[in-house]
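Following: one structure in C-alpha cells, then a few remarks.
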Amino acid sequence: MMTEAERASKLAEPAANDTPTRGKGVFYVHTLGCQMNVHDSERIAGVLEADGYVPATEEQYLNHDIDLIVMNTCAVRENAAERMYGTIGLWAELKRERPNLQIAVGGCMAQLDREKIAKKAPWVDAVFGTKNIGSLPQLLDQARIEGHAQVKVQEELNYFPSQLPTDRASKVSSWVAISVGCNNTCTFCIVPTTRGKEHDRRPGDILAEIRQCVDEGAKEVTLLGQNVNSFGYGIGDRFAFSKLLRACGEIDGLERVRFTSPHPAAFTDDVIAAMAETPNVMHQLHFPLQSGSDRILRAMRRSYRSAKFLDILRKIREAMPDAQISTDIIVGFPGETEEDFQETLRVVEEARFASAFTFIYSPRPGTPAAEMEQVPHDVVQDRFERLVALQERITEENLKTFEGRDVEVMVTGASGKKDAATHRVTGREKTGVLVHVGVPEGEPMPQVGDFVTATVTHAGRHNLIADPNPEAGQTYAVRH
C-alpha cells in the first residue's frame, strides 16, 4: 500500500486531446514524511503552477522528461536523511544526462542541513525551508542566472503556508492546516527545531478554506497540526478546538471531518463531546502513546502517564463505542529495560488499538535523547518484533468484528493491487478502515467521491473486503 507521502508525489493527469504544454518547465514533487509534508507538497505544486510550471505526466516522469525535481524532505528519523541523500545521489546521474534539469530540496531536512546539502550535493540548485515555500520560484530563477545553488531558509514564520496557491492531490479529500509548529519539548523529537513554535490560524480563515474546499468538490477534510487539540491555547481559549469541530458540523456539503494528531496531555472532555455530538466528525482518532512505561514517558518529557492515557481511551469509547483508535509507539528509547517494554505490551493489550505505527528509536542529532545511553540494537529488534506480533493479532481480531456489518465507504479510487481485475473500488469507511468494495455484476462502477454502503464479507490483515451479494440479502447501495 502507498503511503500518504507517496500518493502526494505530484504527477499530472494525462492530457485528453493533445500534447501538454511545458510552460516554464515540467516539474515533479517527491514527498517524504508525514501528513504535514503531504500538505506542504500541495502548496509547493500550487506555487510552481502559479509561476508557470506544469506538473509532469506519468509518461514524462517515467521517461525522465522533466525540467525540475523538488524533494520535500522529512527529518523525523535517521533513515529519512539517508533516503534523502541516496535519492539526490541518483538524481545526479539524471542531471548529467539533462544539464538543464534543476533540482530543489525543501522540507524539514533542508531546514536542518541547509548549507550541508549544497556542499554534499553541489548539483542541487535550490534549498528552501518549511517557512519559505513561496520563495522557491525566485530561488530557481536566481540559480539559473547565477549558475550555483541558492540557499534560503527562514527561522521565523512570516505567513501561513495556507495563504499560498494549492494544487490538492485529491479533489474529494482535502488537508487543512489549523496550526504549524509545536510547543512541546519531547526529548526524541526534532520537529520543534524544524517547524518552530506553534502558531495557530484564525478560526474564520480555517473555516473559509474548508468552505472553499467543499465548493471545489471536497467531501472530506482532515484538520492538520502537530498538536491539534492545543489549538487556541495561545489566546487563552482551551475550548477553541472543540468549537472548531462543532463549526465544521455547520458547513453544508461537508460529509466527513477528521483530524491529526492530538496530544494525550491536552485531550479534554469537550473534544470527546464534540466528536460524539457532531455528525460529520468521524469517530477515528490517532492517539500517540509512544511508550507504556511511566518511567520512559517521563524521560521522553511526555506530560501524561499510562493510567491517564487509558482513562482517556475509556471516556472516548464510552462516548463513541465504534471509535477506531490508532497510535505511535517507539521501541528501544534510551534506557528502556525489559520491565519498561513489558509495560508497553500491557498497555497495548489493554488499549486494543486498531493499528499502530511502531518505530525503532532513531537518535536525531540536536535532541536530548541522542545524548542518552542507547539500548543495544539486537535487544531493540527483538522487542520490536514482539510488539509488532502483538499488534498484528489485535488488528486482525478488531477487523474480524466488521464481518457481516454494513459500512459506508467514500470511494477514493481503485488503489488495491487487484481492484481492476476483481471489479472493485477502494475507499475508507467512517472510522478510517480501508475497504475494497466489489461492484455486483451489472452495476455501474462508482466514481471517486461516491459513497457506497456494502456488507463486509471478509476481514484481511490490514483492510476489509466487501463483496456483497444482494440476492442473498447483503447490502449494496450507492449515494452520489
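Just so it is clear, glycine is given a Cβ too, placed from its N, Cα and C backbone atoms.
Pulled from Swiss-Prot, these are the features on record:
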DOMAIN    25-145  domain 'MTTase N-terminal'
BINDING   Cys34, Cys74, Cys108  [4Fe-4S] cluster 1 binding site
DOMAIN    168-397  domain 'Radical SAM core'
BINDING   Cys182, Cys186, Cys189  [4Fe-4S] cluster 2 binding site
DOMAIN    400-470  domain 'TRAM'
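Features as recorded by Swiss-Prot, highlighted on the structure.
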{"residue": "Cys34", "record": "[4Fe-4S] cluster 1 binding site", "Cβ within 10 Å": "20"}
{"residue": "Cys74", "record": "[4Fe-4S] cluster 1 binding site", "Cβ within 10 Å": "22"}
{"residue": "Cys108", "record": "[4Fe-4S] cluster 1 binding site", "Cβ within 10 Å": "28"}
{"residue": "Cys182", "record": "[4Fe-4S] cluster 2 binding site", "Cβ within 10 Å": "21"}
{"residue": "Cys186", "record": "[4Fe-4S] cluster 2 binding site", "Cβ within 10 Å": "21"}
{"residue": "Cys189", "record": "[4Fe-4S] cluster 2 binding site", "Cβ within 10 Å": "20"}
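Here the Cα atom of Cys34 ([4Fe-4S] cluster 1 binding site) is found 17 Å from that of Cys186 ([4Fe-4S] cluster 2 binding site). The separation of Cys186 ([4Fe-4S] cluster 2 binding site) from Cys108 ([4Fe-4S] cluster 1 binding site), Cα to Cα, is 17 Å. The two recorded residues, Cys74 ([4Fe-4S] cluster 1 binding site) and Cys186 ([4Fe-4S] cluster 2 binding site), show a Cα separation of 17 Å. Sorting each residue of the domain 'TRAM' (400-470) by its DSSP state yields 6 helix, 29 strand, 36 coil.
The secondary structure of Cys74 ([4Fe-4S] cluster 1 binding site), as reduced to three states from DSSP, is coil rather than helix or strand. Note: the [4Fe-4S] cluster 1 site is recorded as Cys34, Cys74, Cys108; in the same chain, Leu32, Gly33, Met36, Asn37, Thr73, Ala75, Val76, Ala80, Gly107, Met109, Val191, Thr194 also have Cβ atoms within 8 Å of that site's Cβ centroid. When pLDDT is averaged over the domain 'TRAM' (400-470), the result is 92.
When secondary structure is read from DSSP and collapsed to three states, Cys189 ([4Fe-4S] cluster 2 binding site) falls in the coil class.
Secondary structure of the domain 'MTTase N-terminal' (25-145) per DSSP, as helix, strand and coil residue counts: 67 helix, 26 strand, 28 coil.
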